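> If you look up TrEMBL, you'll see 183-202 marked as region 'Disordered'. Summarising the annotation, TrEMBL assigns compositional bias 'Basic and acidic residues' to 189-202. Under the heading domain 'SAM-dependent methyltransferase TRM5/TYW2-type', TrEMBL lists 310-572. Among the features that TrEMBL reports, S-adenosyl-L-methionine binding site is placed at ARG400, ASP438, LEU439, ASP466, GLY467, ASN489.
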Amino acid sequence: MALYPLPTAIILNRITPFACRFFPKPLSSSLFSASVSAAITATLPQHLSYGPSLYKGHKTSHQNSDEENFTRVFDITALRVPAEQCFSLESRLRGHLLNWPRIRNIARVAGDDIDDELKEFIGNDISTDDETLTVLERRIYGKGEGDGEKMCSVLYRDKLAKTFNSIGYVKFENLAKISRPKKKKWKRGEKEGNGSERRGYGRSDMSMVEVVEEEGSGDEDFSGLLGDDFRIRKWSGSTRLLLLDERYANKGIEEMPEAIKAVLKEHNEESTRLSFEIVRCKLTLLYNYWQMNEVLEVLLPQGMIVPSAFETVGHIAHLNLRDEHFPYKKLIAKVVLDKNKPKIQTVVNKTDVIHNDYRTMQLEVLAGNHSLVTTVVENGLYFDVDLAAVYWNSRLATERQRLLSCFTNNDVVCDVFAGVGPIAISAAKKVKYVYANDLNPNAVEYLERNCVRNKLERKIEIFNMDGRRFIDSIFASEKARPITQVVMNLPNDAAEFLDSFRGIFRNKHADKQFTLPRIHVYGFSKAQDPEFDFHEKIRIALSEVAFEVQMHKVRLVAPGKWMLCASFVLPETVAFAK
């Protein structure tokens, strides 16, 4: 059996069912403890979908690590064809190929590839002609049969250079490539016996394919001279493996579809080279091939909802696990970490709802490093965030972008609950000036840091006070610029602060010009008609009925609970109320 590694993903096929069962009790913090092997011993699902599955295939004979419990081997059949014809044949036979997700239909065959620069010397047919071999040896080694001692590389290049005239390189058109060959990028692969990395296509960390040689095939064994990779038939040129559909596994030529038979028949009539053949292969899928939901579906108890979504904050994955997931939270977190490296380095879970004035969350680190300080990039800006001390929600990025589109270059924005500045700093790039406030001193510290980091500190003035006091002071100040836009992004309580706008212009002269600000206030509603319900809350807070409110549904934060944004121009009767 010879190994043929694939460059990226490989392929699967017909499988022997295996049993899988699940953890009867809570797991330890390690991903795959000793109970994993026993866990994957359950009954096979009655209906298996087409394609690769952890419920199909068979395990390897040796499984020394926990992750090897997820290694599956599949028997498939492949069509071995010349490399130069593989892409045209792939298009022609597309419907009969494997076509599995993350798997390429074409696999390379190790040991029979040659450099493109040497193909012209070999020609289309493999020949043992002495003249051809001599030319090839001179091309590679600088000497051929009967040439005497080999010249050193310096003298050899000098000799080639003398064949250059005004027309060009007379005998060696590619002399520049010979003298200064480009450094080829090698993929990480298996090591040779001397410790050097093997040239070519290394073993993928997701899968690999093996060609199963028939016993008694009569082929010569060159493994003693050329290594294990050449323990196959005589070389007949560069070839590729076209991996066939799993339905054709272990079938002979007579059982193949007519399209494949036609290809074999055409080749046999046109060429004497025996490079077209049907071969049996084994496809091995490793732990890294399987996606997060596929692994968790096997590990979690049958019938349990598999957690498939999480919020990403920089390098942190933020989970919201259900109560039923708690006994398996360490296991789930480790799988999430494994399947999202290197982007995700920490996995946390919210242990309690937000109920403090600073809007900070109680988080438990489940996997990875314990640092909750991270950097988030949004709209081309950088925000430093400490999830243990401040609030951040990446799922509101689209809503923040929508809100920014409402601002103009002449606006002056007042952000009452700014946090670390996702709206205030983004708005500062577009508007004339921004006043940003937050009650949390930690959030104010990061807000100042983010302003400096994004070089916008000259366009933002920062405050650390209660929302009501901030609204009163900023509108009463004679030095403050006329505010045209007000943002109140505190969905749980923002509507209760709207009464602070009653009478904000009561001390201004009636004949003096002023601008009534447009207010964007956020809130939650569990009512059957959430827009009407939130509209009523705003009217009650302002003690005003006759004004227009534009309502926008932001997102469904929980079953039956909507987050909304209401936008309206502050009524003049409210602004001048006593």
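Glycine residues also receive a Cβ, built from the backbone N, Cα and C atoms like all the rest.
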> For ASP466 (S-adenosyl-L-methionine binding site), which residues in the same chain are close in space, meaning a Cβ under 8 Å from its Cβ, but six or more apart along the sequence?
LEU439
> Which whole-number mean pLDDT does the model give the domain 'SAM-dependent methyltransferase TRM5/TYW2-type' (310-572)?
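Summarising the domain 'SAM-dependent methyltransferase TRM5/TYW2-type' (310-572) by its mean pLDDT gives 92.
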> Go through ARG400, ASP438, LEU439, GLY467, ASN489, our binding-site residues, and report the one whose Cβ sees the most other Cβ atoms within 10 Å.
ASP438
> For the S-adenosyl-L-methionine binding residues given in the record (ARG400, ASP438, LEU439, ASP466, GLY467, ASN489), what is the largest pairwise C-alpha separation in angstrom?
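Greatest Cα separation within the listed binding residues comes to 23 Å.
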